[in-house]
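What TrEMBL records for this protein:
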type	residues	note
REGION	141-176	region 'Disordered'
COMPBIAS	158-176	compositional bias 'Low complexity'
DOMAIN	189-542	domain 'Peptidase S53'
BINDING	Asp504, Ile505, Gly523, Asp525	Ca(2+) binding site
Amino acid sequence: MSRFLILVDRLYKISDPNHQDYGLHLSKEFAFLSPLFALLTYCKFREVDDFARPHSNALDMFNQWLHAHSIDSGSVTLSSAQDWATFTVPVSQAEVMLNSEFHIYHHQTSGRRVIRTLEYSLPGLLTEYIDTIQPTTYFGSGTSENDIGNPLKKRRSGAQSSAASKSSLSSSGSAPNVSSCLFEDDFYLWTPACLSSLYHFDTYIPQATDQNALGVVSYAGDCQNMDDLQAFFKEYKPDAINSSFTVEIVNNGTYGTDCQGEGTLDVEHADSLSYPTPIVVYAVGGEPPFIPDSLSPDDTNEPYLDWVMYVLNQTNPPQTFSTSYADDEQSVPPDYAIRVCNSFAQLGARGVSLLFGSGDAGVGGGSCLSNDGTNQTRFQPLFPASCPFVTTVGGTVGFPEEASGVAPGSQFTTGGGFSNYFSRPSYQSSVVMQYLEAQGTLYPGLFNTSGRAYPDVAAQGNSLHTIEAAVVALLNDYLISEGRPPLGFLNPWLYEKGYQGLNDISNGSNPGCGTNGFTAGIGWDPLTGFGTPNFELLQTLL
């Protein structure tokens, strides 16, 4: 068994509420004893880095390869686990090292020029240890110079940036039984006070703000408008006026000044709903490998690996992260997606909860054509939403809540579906099979019935992922204040126990790809997962 598989085995044990090691997260700083470690009768709980670190044979062969090509080890930047290396060499040397020929390729539409090769090879014994080398053979058509800095992403989980999210009244709905919810012109104004009442955390006061934090991840130069933020607090959260957040710059990420996008809305909700929990914004730069498809001919994908490697190198990262970005899974090279997803597992093992939006285009946007050369119509799952080591959040509208996409005035359609890259994890096997069996023969050939299914949970409106992340951050605050470990990787707990603290959403559909999409039902479904949070009930389940 590889070290990484041992890490995953360990991750599932410490994330399983029925296992005696539940909550015993791994750390970068210290180790302690356990008789239950896989493959050994006793040994230390090692740091996450120890599990992720390649075998010494792999490191030796890699270093010998570098030495054979006169690469100074001092010029190579290694991750803390020594499982990711970054270095720069002239193209001529890369050609020798990779037994390849690189050329300059020019994209006629975008005007972008990239240096790529059509093929490369490594020494035979080294091949089995290398996941991916970039940039090499993946041809993203690239973003034109005129698009650089454009904060609009094709797959944000919501696109509204008003002071408070609006959602229409469900056709069968009635007004929420909370006085703090405003109803104007057939729309609910989902203010922080309304959302906290709706999800039952309006009376909770954070107690562990010196030990707990909520991270918000931004790409593509997204930033936060401080004037808007303070105006939002003045109107909807007066006790948070003059509060702020810290910014971490990752991989030369840009933190712009023209902050009009959803980045502001993300922090407004994260801060106001979890206040006074500290907020940390990660502004991430970089350009990942990319495979164009009909919806995304240009590379607007996010460099998730740059971000996760940065956080893995941090000694004390935030316990909860909210990320509103997602890309068509097929536009992400499989080896890159697997590498990113595996790195998310490393974070989960350290007690970090990762929440991603499920997207806003139902089962797929645009023509939904596959990019494998066959041009077949297929549902288009999103990544990282499809990674089994993250918690994916779907969207609801109205009150009573229903899956976004069916109520009059809905502004987006909740994403949901089944991965083509990742198989279905054991923690969700039974509930997903129940859903599929109840649906019968559904859209044969359009989706992978054995893939990782998402979302796992849901929340109201455009900032669904941030709302759910705020709830998780407050649950972590509660645990930490009692001297208990944070939740960490949520899904095994959610599917085994936590679902009892969620409001089941059984009405709605998520159309896309020329179909009606999936339909909601009793229990888990690929629109809203197990449903929306009830903080007080979730507290009792911890």
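Placement of Cβ uses the backbone N, Cα and C atoms for every residue, glycine included.
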Next on the checklist: With DSSP assignments reduced to helix, strand and coil, which class does Asp525 (Ca(2+) binding site) get?
Outcome noted: strand
Checklist outcome for this item: Quick note, Gly523 (Ca(2+) binding site): same-chain residues at least 6 apart with CB under 8 Å of its CB -> Val431, Gln434, Tyr435, Asp504, Phe530
Item to check | 8 Å Cβ shell about Asp504, Ile505, Gly523, Asp525 centroid, Ca(2+) site members excluded | outcome: Ser506, Ala520, Gly521, Ile522, Trp524, Thr528, Gly529, Phe530, Gly531
Checklist outcome for this item: Of the binding-site residues listed (Asp504, Asp525), the greatest number of other CB atoms within 10 A surrounds the CB of Asp525
Checklist entry - Within 10 Å of the Cβ of Ile505 (Ca(2+) binding site), how many other Cβ atoms are there? => result 27
